[in-house]
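Undergrad: Handing you a structure now.
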């Protein structure tokens, strides 16, 4: 289907299914129940899942395939956001021109930054990209205030021109897709459950599916094979008549455009852009997502992005009060000990939990969560195959007997 | 006029004159060996031919065109392929992919953004690569990861990757270095077979006399960066200058 192999088609369909029904899948616990705090099916978080999924998918095209570890991809995320907000200010609140400009601008910046950074490889490349991203961050924060509105961040306001929309009547306009407002959502109540279907989420989800599809195509293309060859042996590449530089640059620009799309979508969901989106911690986050999920795998980066965003938003909400509730069945002394023990890992300490999980994954599953899933799958399949042998043996004996 | 003409090439590293006024002419469709003791400048010369090093002076003409100042990938596209001392292959990729990559390089040039095509649908390239693997008896290993091959198979694979490009000149940098005698003989047989099947010029840099005398039609002896003699194998064996510079250390 769509020029994909059967295995990839199944993967694509599975991802599409999960994305489309995410509002239901991510809200498994009835609203109001004790476990409802683990529900992740609210629009704001789901949008983050898919937007950072796009960011990580793009990052994986560079890092997973070519092995070039960029530590500055958040710069493109930020550039995407600023471009989108400017589009909202100048042209229209429709998200399409905004997103298009985000992708184009991020691509242009990636072309320049990549052209310079890709003259070096390994750690020097990482440092160069990091330096560029920090430069962008500092420029956005101070020098370029007329463009970026510095510390406050770039926002839309009532006296923006918005050429296509005309003057707004009343309050601040909201981002929309041909009239369908991004923040609109319908809530469906089924028994004790409630599911939010938001326009914004589905716009992001559709774009993520498109981004994912394109990444599968790139992985299976001759171009993708060349990128893997770059990672494997650049010397052999050169002596095989292939110029590695444009290959890596193309991968860098494509992944920059993915980051720009993600940044544009962030702004489309909430039309403001701040310099902190470009900071090095944000660049580091996408590295973590990709490695945690499985660098160089198709689905890994999306899993990693979902995993980290879930932790960031759900684990960080658990506080001591909730812990006391959980351990209320214990004797008082023991309850306090338990709460004290777990306290550093929750709430603001979620980074600690994430750090430990990251270490465990890197040490025991170098291929990330995807490798974990594959190992589990292989375990089951081996059992199946053994069962199959027994059956075929039995069949052979029967045939021999006859 | 040979397919490869090296004239007056000099290369200096700091105080060391690695190559001094090297002249070399390799005839089309011949097997030419360059021998010499350690430090004679064999590898430096080879690196000057493939664009890894640029000589301080002199000229290197291949097929009537200068290779000086061109990058390795450009020189390869001109028709020079290189086999390394330790096989350089794409270890993370499958054997078949390893051979498909040079096929793509040959068809599409040094760069093409074929990001929306599918490898599986490139049947021509695939058939070409499989035919090449068949030729070196590795078709049954095509789905293996290249890094898991034995050393001998890696060497075969690297040869296949070079040959599938149908180069005019194949440069071999000590193709049997560090090999056991049996492997060395296999490599000699492989090279003879390759030579018998197609029109190709080979230039071998080698330490092992056995290899050189079984393959080469012409031999150039390098010593301290300068060619001493260029002769047929028969005449080299008894040449007094060669004996002095090289064979004196290892009797043949």
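Glycine is no exception: its Cβ is also placed from the backbone N, Cα and C atoms.
Here the structure is a predicted model, which means the values were calculated and not measured.
What TrEMBL records for this protein is below:
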type	residues	note
TRANSMEM	A:9-26	transmembrane segment
TRANSMEM	A:46-63	transmembrane segment
TRANSMEM	A:94-116	transmembrane segment
TRANSMEM	A:123-144	transmembrane segment
TRANSMEM	A:199-219	transmembrane segment
TRANSMEM	A:246-266	transmembrane segment
TRANSMEM	A:286-311	transmembrane segment
TRANSMEM	A:323-346	transmembrane segment
TRANSMEM	A:352-373	transmembrane segment
Undergrad: Can the transmembrane segment (A:199-219) be said to touch the transmembrane segment (A:123-144) if we require at least 3 CB pairs below 8 Å and skip pairs under 6 apart in sequence?
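TA: Answer no: the transmembrane segment (A:199-219) and the transmembrane segment (A:123-144) share fewer than 3 Cβ pairs below 8 Å.
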Undergrad: Among A:46-63, A:123-144, A:286-311, A:352-373, which stretch has the most Cβ pairs under 8 Å to the transmembrane segment (A:246-266)?
TA: A:46-63
Undergrad: Does the transmembrane segment (A:46-63) make contact with the transmembrane segment (A:9-26) through 3 or more Cβ pairs under 8 Å, each pair 6 or more apart in sequence?
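TA: Touching, yes - the transmembrane segment (A:46-63) and the transmembrane segment (A:9-26) meet the threshold of 3 or more Cβ pairs under 8 Å.
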Undergrad: Give the nonlocal contacts of the transmembrane segment (A:286-311) in its own chain as ranges (CB under 8 Å, at least six residues past its ends).
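TA: For the transmembrane segment (A:286-311), the sequence-distant neighbours (Cβ-Cβ under 8 Å, at least 6 residues beyond its ends) are 8, 11, 15, 40, 45, 48-49, 52-53, 55-57, 59-60, 63-65, 69, 71, 73-74, 208, 212, 215-216, 219, 259, 350, 353-354, 357-358, 361-362, 367-371.
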Undergrad: Take the transmembrane segment (A:352-373) and find every residue of the same chain, 6 or more past its ends, with a Cβ under 8 Å from one of its Cβ atoms.
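TA: Sequence-remote neighbours of the transmembrane segment (A:352-373) are 288, 291-295, 297, 299-300, 303-304, 307-308, 311-312, 315, 344-346.
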